[in-house]
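S.K.: Below is the structure I would like to discuss, written out as structure tokens.
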Amino acid sequence: MKSAFTLSLALVAVTATISAAADDNCSFGCLDVYKPVCGSNGETYSNSCYLRLASCKSNNGITEAGDGECASTPASSATPSPVTSSTGSTSGTVGCPDMCLDVYDPVSDENGKEYSNQCYMEMAKCKGTGYDDNKRSGNPGISTLDAERKLAFAPGYQGPPCGDMLCPDNYAPVCGSDGETYPNECDLGITSCNHPEQNITMVGEGPCPSQEQQQQQQQQQQKL
């Protein structure tokens, strides 16, 4: 009887250790981009990154069953839909996106109503409203919000979170510490994400100076 009790304690300790390790390795973040995928557990996830996050926390027990929302959510599930934001907030309507990227790429539904992009149209249909917080008239603009998004990566995580980052198609050049000019800060962030060993950071707004310009700047500094 004593041996059985000791064995039970050992199993509990091993389980707790595995759980703690999983939590440590599953601390990466995901972008709030609504590109739903269906998990093998019948749950809909905002995007493939959120599915990988849930799978990581369940010891890789969830796989991607297909693109788009699941046909139905299991009635026995007592937990809310895992369609959440990176801050942990959950959508008020199961399976509906909480937010969309502030990118102007207008689309119209079957009734001719125009939305700023596909995500806002899907949000309105899902919630049964005409909601389109990003609706614009006149000259379209692009928020810098998505350019400022960052992902936290867990040590040893083997997934490709950099591939889930999306950038606006706007030209707001910045100069990187590697001497390269990037279309915008978000594009620089993706390159930095894909090449962490280079530790690329933004050194200034606008294109990087050419070699000739650098030489002229050095000459002017020497004269001073």
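Yeah, the Cβs are placed from backbone N, Cα and C, and that goes for glycine too.
So Swiss-Prot has the following annotated:
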{"type": "DISULFID", "residues": "Cys26-Cys56", "note": "disulfide bond"}
{"type": "DISULFID", "residues": "Cys30-Cys49", "note": "disulfide bond"}
{"type": "DISULFID", "residues": "Cys38-Cys70", "note": "disulfide bond"}
{"type": "DISULFID", "residues": "Cys96-Cys126", "note": "disulfide bond"}
{"type": "DISULFID", "residues": "Cys100-Cys119", "note": "disulfide bond"}
{"type": "DISULFID", "residues": "Cys162-Cys193", "note": "disulfide bond"}
{"type": "DISULFID", "residues": "Cys167-Cys186", "note": "disulfide bond"}
{"type": "DISULFID", "residues": "Cys175-Cys208", "note": "disulfide bond"}
{"type": "DOMAIN", "residues": "156-210", "note": "domain 'Kazal-like 3'"}
{"type": "CARBOHYD", "residues": "Asn25", "note": "N-linked glycosylation site"}
{"type": "CARBOHYD", "residues": "Asn199", "note": "N-linked glycosylation site"}
{"type": "REGION", "residues": "69-92", "note": "region 'Disordered'"}
{"type": "REGION", "residues": "202-224", "note": "region 'Disordered'"}
S.K.: Within 10 angstroms of the C-beta of Cys175 (disulfide bond), what count of other C-beta atoms is obtained when all protein chains are considered?
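M.R.: Taking all protein chains shown, Cys175 (disulfide bond) has 18 Cβ neighbours within 10 Å.
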S.K.: Using the alpha carbons only, what distance in Å do you get between Cys208 (disulfide bond) and Cys119 (disulfide bond) once rounded?
M.R.: 35
S.K.: Sequence gap of 6 or more, Cβ distance under 8 Å: name the residues on the same chain that satisfy this around Cys70 (disulfide bond), in order along the sequence.
M.R.: Cys38, Gly39, Gly42, Glu43, Thr44
S.K.: Using a Cβ cut-off under 8 Å and a sequence separation of 6 or more, which residues in the same chain sit near Asn199 (N-linked glycosylation site)?
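M.R.: Those within reach of Asn199 (N-linked glycosylation site), by Cβ under 8 Å and sequence separation of 6 or more, are Ser177, Ser192.
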S.K.: I need the CA-to-CA distance for Cys56 (disulfide bond) versus Cys175 (disulfide bond), whole Å please.
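M.R.: Roughly 36 Å, rounded to the nearest whole number.
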S.K.: With DSSP as the yardstick, break the region 'Disordered' (202-224) down into helix, strand and coil residue counts.
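M.R.: Tallying H, G and I as helix, E and B as strand, the rest coil: 13 helix, 4 strand, 6 coil.
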S.K.: Taking the domain 'Kazal-like 3' (156-210) alone, what is its mean pLDDT?
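M.R.: For the domain 'Kazal-like 3' (156-210), the model's average pLDDT rounds to 77.
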S.K.: How big is the Cα-to-Cα gap, in Å, between Cys193 (disulfide bond) and Cys175 (disulfide bond)?
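M.R.: Their Cα atoms are separated by 16 Å.
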S.K.: How long is the line from the C-alpha of Cys175 (disulfide bond) to the C-alpha of Cys119 (disulfide bond), rounded to the nearest angstrom?
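M.R.: Cα-Cα, rounded: 31 Å.
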S.K.: Taking the Cβ of each of the disulfide-bonded residues and counting other Cβ atoms inside 10 Å, which one has the highest number: Cys38, Cys49, Cys56, Cys126?
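M.R.: Result of the Cβ crowding comparison: Cys49.
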